[in-house]
Structures are given as C-alpha cells and as structure tokens.
Amino acid sequence: MAFFFAQFLTGLANAAALFLVASGLSLIFGVTRIVNFAHGSLYMLGAFIGVTLMNLLPGHFGFWGAILLTGLAVGAIGAFIEMVVLRPIYRAPELFQLVATFGVILVIQDLALMIWGAEDRLGPRAPGLRGVWRIFGEPVPKYDIILIAITPFILFALWYLINRTRLGVLVRAATQDREMVGALGVNQAWLFTGVFALGSALAGWGGALQLPKGGADLLMDFNIIGAVFVVVVIGGMGSLPGAFIASVLISVLSVFGVTYLPQSTLVLMFVVMAIVLIVRPYGLLGREEVAGEHGQVGAPEQPIRPYGPTGRALVAALLAVLAALPFVAEQFVLTLTIDMIVFALFAASLHFILGTGGLVSFGHAAFFGGGAYAAALLVFHTDTPMELAFLFAPLAAGLLALGIGWFCIRLTGVYFAMLTLAFSQLVWSLAFQWRGVTRGDDGLVNIWPADWLNSPEAYYYFTLALGVGGILFLRHVIHAPFGYALRAGRDSPRQAEATGIDVKRVQYVAFALAGAMAGLAGGIFVFSKGSVFPTELEIAASFDALIVVFLGGVKTLAGGVVGAGFMTVVEDWLTRLEYWRLLLGLLIIAVVIIAPEGIVGSLRSLWMRIRGTNDEVAK
Amino acid sequence: MTEILRVEHLKKSYDGFLAVNDVSFSVDKGELKALIGPNGAGKSTCFNMLMGQLKPTAGNVFLDGKKITGMRPREIWRRGVGRTFQITGTYPSMSVIENVQMALISHHHNIFSIAPRAWKLYRDEAFEFLRIVDMEDQADRPCSILAYGDLKRLELAIALCHRPRLLLMDEPTAGMAPSARIALMQLVADIVQDQGVSVLFTEHDMDVVFAHAHHIMVLNRGELITDGSAEEVRNDPQVQEVYLGGGTLFAEARDA
C-alpha cells in the first residue's frame with residue numbers, strides 16, 4: 001500500500017511539467033487556432049537553456065532564478081517565432097500553419113545540436129532538495145514533493161490570469177470569436193504574439209522544472225509532444241482544469257504502467273485517450289466546437305475540372321518521360337523515382353480524405369505502414385507468394401481503415417485529427433512491442449518481389465503502373481458522384497444532409513478508400529525495399545505526408561502528387577549535408593510564407609494573374 | 001381540402017426555457033402558408049424540428065398522415081420535403097449548376113457511384129430547374145462569387161430538385177433588395193400554382209406575407225396565438241399587441 005502511494009506521488013510529480021507544457025499548447029490553440037507542433041521543441045529549449053543558466057548561476061537563488069529566467073527566454077523565442085513565421089500566414093487555409101511549426105521543429109533540432117552538442121545533459125539537483133523523505137516508509141525524492149506542492153499554485157495562477165484579469169478576458173473572448181475581438185478594436189496581432197509568448201514560456205518552465213528529474217537531450221521534443229497532445233485532448237481543448245486532470249491521469253497511469261504492465265507503456269496513454277474520446281467526444285471538460293460560420297479563410301476553392309488539352313498533354317509527356325526512364329537513367333535514379341511514386345500515391349490518398357473530404361487525419365501512416373506490414377508478415381511467416389501478399393496490402397489497410405474510421409468519423413476537426421493520431425500510435429506500438437510476430441525494431445527483412453519482378457527495371461514498371469494507376473483512380477473518383485458527395489459534405493454538411501446525403505457514411509467509405517490506397521503504396525514500398533520497420537508507422541511518417549499535402553496545396557487536386565515529388569527530390573539532395581534539418585526546416589518555412597496556397601495553388605494564381613482571368617474561373 | 005402536414009403539440013425546451021410551447025397546426029395541399037412572429041418567437045426552432053435538424057422535446061409531426069418525428073433530415077427529404085435555410089447552405093467549391101446536379105445525383109440514388117463524371121450527369125434536368133429560378137445564364141459560374149440574392153434563388157432550385165410535395169422556407173427573402181423579394185415570392189407563388197407544391201415559410205417582411213400567403217400563423221414567445229386568413233390575422237387584437245403594443249401596423253404595411 002505504501003509502495004502504491006509512493007508511486008502515486010511520483011506520478012503526481014511527473015504531472016507538473018506535463019501540465020505546464022500542455023496548458024501552454026491549449027492556450028495557444030484556443031486563441032490562435034494554431035496546432036503548434038513545435039511546442040515540444042520549446043520544452044526542449046527550456047531544458048537546455050535551464051541547464052546552461054543553472055551552471056552559470058550559483059546557489060538557491062541561482063537554481064530557482066535560472067528556472068524563472070528560462071521561462072522568460074523561451075517566451076521571447078516564442079514571440080520571435082510567432083512574429084517571423086506565423087504572423088504572415090494567419091490568412092492561409094486552416095491548419096496550414098502546422099506545416100510551418102513543423103519547419104520550426106527541424107530548425108530548433110539542428111540549432112540545439114549546434115549549440116549544445118549531441119550529448120545528453122544531466123540536470124543539476126535542486127540545492128537543499130537532494131535527498132528523499134520517507135512517506136509510510138517509502139523513499140520519495142524531496143524534489144518530487146516540491147513539484148507536487150507547486151503545481152496547484154501554477155494552476156491557480158493561470159486560472160486567475162484567465163478568469164480575473166483584463167488580459168484573460170481578451171484571451172477568452174478571442175477563443176470564442178477572434179473576428180469580433182478584432183472588430184472591437186483589440187490589436188489581434190499583439191494579442192496573438194502575447195499568447196504565443198505566454199504559452200512558450202509555460203513550455204520553457206516545464207522544461208526547466210523537470211531538469212533535476214530528467215535532464216536535457218535532443219529527443220525530448222518528440223518524446224513529449226505525443227503526451228502533450230493526448231493531455232490537451234483528454235482534458236478538452238482550451239480547458240486548463242481539464243489539462244490538469246488529464247496530466248495527472250496520464251502521469252499516474254504511466255508510472256503504474258511501467259511497474260505492472262511494462263509492455264504497455266507506449267500505447268497506454270493513447271488507449272486512455274481513445275476511450276475518453278469515444279465516451280466524451282470533446283474531452284473531459286471540453287465543449288463541442290462550434291464550427292466557424294465566418295466563411296473559409298483564404299481564397300475560395302475553385303470548381304474542379306478535368307485537365308484540358310494542355311494539362312492532358314503535360315501529363316502524357318510526364319508519363320512518357322517516366323516510361324522511357326529505365327533506358328536512359330542510372331539505377332539510383334530509378335530507385336529515387338520509385339520512392340517518389342510511392343510517396344506520391346501515399347500523399348494522394350491523404351489528399352483525397354484531407355482536401356476533398358475535409359478530414360485532417362494525423363495518423364495516415366497507419367495505413368501505409370499497415371499495408372506494408374500486412375504483406376511482409378504474410379511473406380515472412382507463411383511464405384505466401386508475393387503476388388498474393390501484395391494484394392493483401394491494400395485489402396488489410398482498407399479493413400484497418402474501416403475499423404479505425406468507425407471510431408473516428410463521428411468526430412470532427414482537431415478531435416478527429418487526434419483520434420486518428422492515437423490509433424496510428426496504437427498500430428505503431430503493436431509493430432514495435434509485439435516482438436513475437438513483428439520482430440519489433442529489428443523489422444521484417446527479406447521481403448523480395450517474385451522472380452518475374454526481381455529486376456530494377458521490372459519493378460520500376462510495376463511501380464509505375466500501379467502507382468500512377470492508383471493516383472489516376474483517386475482522381476477519377478474525385479470527379480465522380482461519390483467525390484462530389486464527399487465535397488458537398490465538406491462544404492456544407494447541413495445542406496448535404498438536407499438533400500439526402502448521409503455525410504458520415506460517405507466520409508466513412510472515403511476514409512476506407514484512402515486507407516486502402518495508402519496500403520497499396522505501402523505494398524509497393526515494402527517489396528521495393530525488401531524490408532519494413534516500425535518507423536514507417538511513426539507519427540513522423542504521418543506528418544511527412546501532411547507536410548507534403550499542405551506544401552503542394554490542399555485546394556488543388558494535384559497538390560499531394562506535386563508536393564511528394566518536390567519533397568522526395570529535396571530530401572534526397574539535402575540529407576547529404578550535415579545540418580540538413582536546419583536547411584529543410586528553413587525551406588519549408590520559406591515555402592509556407594511565400595506560397596501560402598501551396599505550390600500548385602500559388603502557381604495557378606500566378607498563371608491566372610499573367611493571363612488576367614483572375615475573377616472568373618476558366619472553364 | 002386534405003392536409004399534407006400536421007403538427008401536434010410540438011414542444012422544445014432548453015434547460016427549462018420553452019422555445020416552442022405546445023404548437024399545433026396543419027398545412028393543406030397546395031397551400032402557401034406563412035409563420036410569422038417577432039424575433040426569438042421560435043420560428044426557426046419550429047422549422048428545425050419539422051425538418052429533423054432538432055429533436056422535439058415532445059409532440060409529433062405527421063407528413064401525409066405518417067409520423068416523421070425524430071427522423072433525420074435526409075430521411076424527411078427522401079419523403080418529399082424540401083427546405084431552404086435562413087442562412088444559405090450551398091457548396092462554394094462547385095459551380096452553380098453542379099450545386100443543382102449534386103441534389104439530383106442524391107435524388108437519383110447515385111451518391112456512391114464512382115464510374116461516371118459527376119458534371120455530366122443530369123445536366124439538362126439541372127438546367128431546367130435553374131431556368132425556373134431564372135439562373136440559367138449563371139449556370140457555369142463558381143458558386144462562391146454569387147450575390148446573396150442569387151444564392152437564395154439557387155437554394156430554391158436545389159430544394160425543387162426532388163419535386164417536393166412540401167417546401168419549408170426559412171426567411172426566403174432575408175437579406176434581399178425589396179424588388180427582389182417581391183419577385184422571389186411571386187416565383188414561389190407560381191410554383192405553388194403550377195406544381196401543386198405546399199409551402200410553409202417564415203418571414204419578417206409583412207409586404208411579402210400579406211401579398212402572397214393564403215393563411216398566416218403568428219407565433220409569440222413559443223406559442224401560437226393566431227391561425228387564419230390575412231384578414232383575420234390583421235384584425236386580431238392580440239397580434240397587434242404583439243407587434244406594435246396596439247397600433248395598426250398591417251393596414252399601413254399593406255398600403256406601403
């Protein structure tokens with residue numbers, strides 16, 4: 001019992017940092033509607049800056065003073081990021097900003113590597129709090145007790161700030177209706193900057209406060225961001241008490257999880273989140289999001305048309321070049337092109353559900369990796385012929401999407417995104433921890449194609465036929481009644497329902513179709529590489545696809561494909577350099593700021609301006 | 001006359017507040033009936049319950065004698081009820097005619113088909129509906145750049161697509177210029193005449209109401225206070241009380 005209680009206290013202490021970071025994210029999302037993926041990076045910066053300052057400043061005052069200063073410093077960095085990166089793109093399409101924040105993650109990763117080096121830093125112990133106190137005979141670190149004591153004060157201070165001060169009134173008003181607050185004469189730009197700085201400062205404090213327990217390393221950003229999103233979603237977006245309850249819940253559960261169910265650690269919090277969202281779709285203390293009736297941000301989407309003669313000629317020319325490639329190009333070009341086609345099909349399937357369906361999925365890699373694993377498992381364990389195993393990839397991914405979609409489709413917006421993320425984590429942890437079947441991070445190897453495909457040229461044509469075929473099929477569906485119904489449900493669910501369209505069912509079918517096509521891409525992928533590892537299922541893989549779709553342009557049909565081509569080439573070229581993350585991050589940020597409609601969308605706008613047909617769409 | 005819609009003791013409460021309280025009425029076939037009342041009287045709440053967007057706290061709605069209470073909007077639509085909204089709901093990413101084609105695709109049970117090109121389907125039929133609302137010259141413009149009055153007319157064309165027996169129009173002329181209002185309601189009156197559709201509409205503009213409605217109902221604070229001909233309603237002291245605290249609004253309104 002005493003051990004039980006001590007564990008509970010450890011969980012409570014861990015909740016402190018988590019709550020700080022989560023409350024910052026929640027504040028930022030509430031006011032600016034920006035899903036700040038870089039929040040984990042700010043937390044990591046807090047840890048590194050904290051270590052540096054603690055080593056510079058001596059004694060009691062030095063330790064706590066360093067923590068205070070760290071928050072201020074990270075807050076200033078946050079304000080800088082908001083002003084330079086985010087402020088130019090508030091008018092961009094919804095969620096486009098998250099691509100920019102992803103660029104920020106990459107930049108901060110490499111900057112931290114440059115400044116602090118690759119080695120992990122041990123956090124200094126808090127002066128005077130080095131030992132343990134015995135509670136019911138069990139040792140509990142003194143610093144843990146201090147953290148447990150501090151957390152309610154932080155919650156209260158934040159609550160006071162939000163509910164009892166003028167700034168808080170503005171923040172709450174802006175959370176409900178940004179445009180109205182702007183119309184009432186509040187300088188939105190500075191309100192956003194201020195809130196972003198405050199949220200960043202909270203992340204910085206979280207990073208500094210956890211130093212004596214955890215230290216600082218370069219993996220902290222990705223390690224915490226999953227947990228932070230889970231906390232914010234379980235608590236309810238924008239609810240501080242909700243974030244507090246969820247932080248405690250998650251931290252305590254994971255402490256017990258480590259002790260009693262060690263193989264569950266990676267997946268536990270996502271299971272909790274999935275259960276909470278299924279029972280309470282808007283989190284424990286969250287309220288249903290009222291969809292903004294203020295119209296779409298950015299230029300309205302144009303009616304879609306199949307390509308005219310010029311477009312068809314261009315596509316035909318591109319296909320001809322691709323078909324002739326094996327006769328002229330070296331083998332590494334073929335390999336690169338296969339990667340590109342696989343990624344393009346994967347991105348096109350995400351674009352189908354995201355652009356045409358309006359459902360932002362954060363976990364699309366589950367279907368890509370799911371398809372790859374399905375085929376690989378069959379080959380690895382049962383020696384199934386490649387042709388049969390390959391067919392199984394889209395089939396299994398489609399079934400997986402039917403299963404996951406059954407839970408997710410009932411949600412919308414950020415909650416939908418988070419639940420898809422949770423399920424993809426679930427799939428990933430299966431692949432990672434169910435070693436008996438999946439061999440964990442050793443991966444499944446020796447998954448080669450059948451003999452008749454086992455030459456680079458043969459497999460290249462196989463990829464070309466199926467990859468391009470898949471992309472064209474998705475395009476065709478978008479132009480078919482089903483694609484129109486999907487778009488109708490996105491444009492105006494109310495009108496669609498009032499004219500006989502079962503919007504949720506259409507979305508469900510589309511989700512399964514997108515999953516199957518991602519699985520097809522995964523199937524092509526696994527036989528081209530000969531192996532598959534859990535990395536294909538990671539959050540980062542889902543984000544790669546998201547970035548590509550946003551970069552290419554959500555509101556254009558070719559967006560996903562063009563973005564994927566662009567990204568594959570750029571990554572292949574940049575990853576040869578030492579600080580490629582920094583450059584890639586800066587490049588992403590630059591594209592986002594210069595071309596807020598995405599590459600294809602911006603090219604089209606430019607083209608129309610040149611031809612002077614901007615006001616009416618060409619038929 | 002036979003009735004197409006019957007509403008019995010309809011009630012909607014929000015945390016104890018009665019938005020609609022014990023409302024009963026009926027609409028006859030071929031009738032153009034108005035539901036009027038001051039702001040907040042519960043007109044839109046009533047409409048949303050008829051069409052399934054809201055679930056009533058109590059009471060029932062019958063279409064042609066069959067109970068449709070609690071059905072989803074799309075099921076009620078399939079039974080032959082069309083609807084237009086106070087704030088228009090159209091698909092901005094489609095062209096004008098594609099908006100109509102979409103409703104036709106749904107009407108012809110083609111939503112899940114993936115073979116044909118959607119913009120080739122039912123184009124002639126859609127064109128006919130656009131002609132009814134006088135929008136055929138704008139058929140291929142993007143819906144996102146239409147003027148508000150045109151959106152209202154487009155929405156009417158969409159609502160006519162499945163040849164409804166009953167049309168529910170929530171503030172059909174809100175946000176339109178006075179001349180356009182008269183024209184639109186004349187159009188609706190013609191449709192009632194030509195196609196035998198029954199129409200129930202809410203409206204703020206008394207010119208529109210008294211010029212076209214066969215019967216008028218007045219709703220105040222969630223309760224139905226009158227149901228009768230234009231003449232009866234105009235002379236009802238309770239109605240005058242509600243609207244003017246006892247003036248002679250409607251005589252003036254008619255002269256205006």
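Cβ atoms here come from the backbone N, Cα and C positions, even for glycine.
Note that TrEMBL annotation is computational and uncurated.
Bear in mind that the values here come from a model prediction, so they are computed numbers and not experimental data.
Taken verbatim from TrEMBL:
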TRANSMEM  A:6-29  transmembrane segment
TRANSMEM  A:41-57  transmembrane segment
TRANSMEM  A:63-86  transmembrane segment
TRANSMEM  A:143-162  transmembrane segment
TRANSMEM  A:183-206  transmembrane segment
TRANSMEM  A:267-285  transmembrane segment
TRANSMEM  A:313-334  transmembrane segment
TRANSMEM  A:340-360  transmembrane segment
TRANSMEM  A:388-407  transmembrane segment
TRANSMEM  A:414-434  transmembrane segment
TRANSMEM  A:506-527  transmembrane segment
TRANSMEM  A:582-603  transmembrane segment
For the transmembrane segment (A:267-285), distant same-chain residues with Cβ under 8 A (at least six beyond the ends): 226-227, 230, 233-237, 239, 241-242, 245-246, 249-250, 253-254, 257, 261, 407, 410-411, 415, 418-419, 421-423, 425-426, 429-430, 433
Contact between the transmembrane segment (A:63-86) and the transmembrane segment (A:183-206) (3 or more Cβ pairs under 8 Å, separation 6+): yes
Contact call for the transmembrane segment (A:183-206) against the transmembrane segment (A:41-57), three or more Cβ pairs under 8 Å: yes
Two-stretch contact, the transmembrane segment (A:340-360) and the transmembrane segment (A:506-527), at least three Cβ pairs under 8 Å: yes
Top Cβ-contact partner of the transmembrane segment (A:388-407) among A:6-29, A:313-334, A:414-434 (pairs under 8 Å): A:414-434
Contact between the transmembrane segment (A:143-162) and the transmembrane segment (A:6-29) (3 or more Cβ pairs under 8 Å, separation 6+): yes
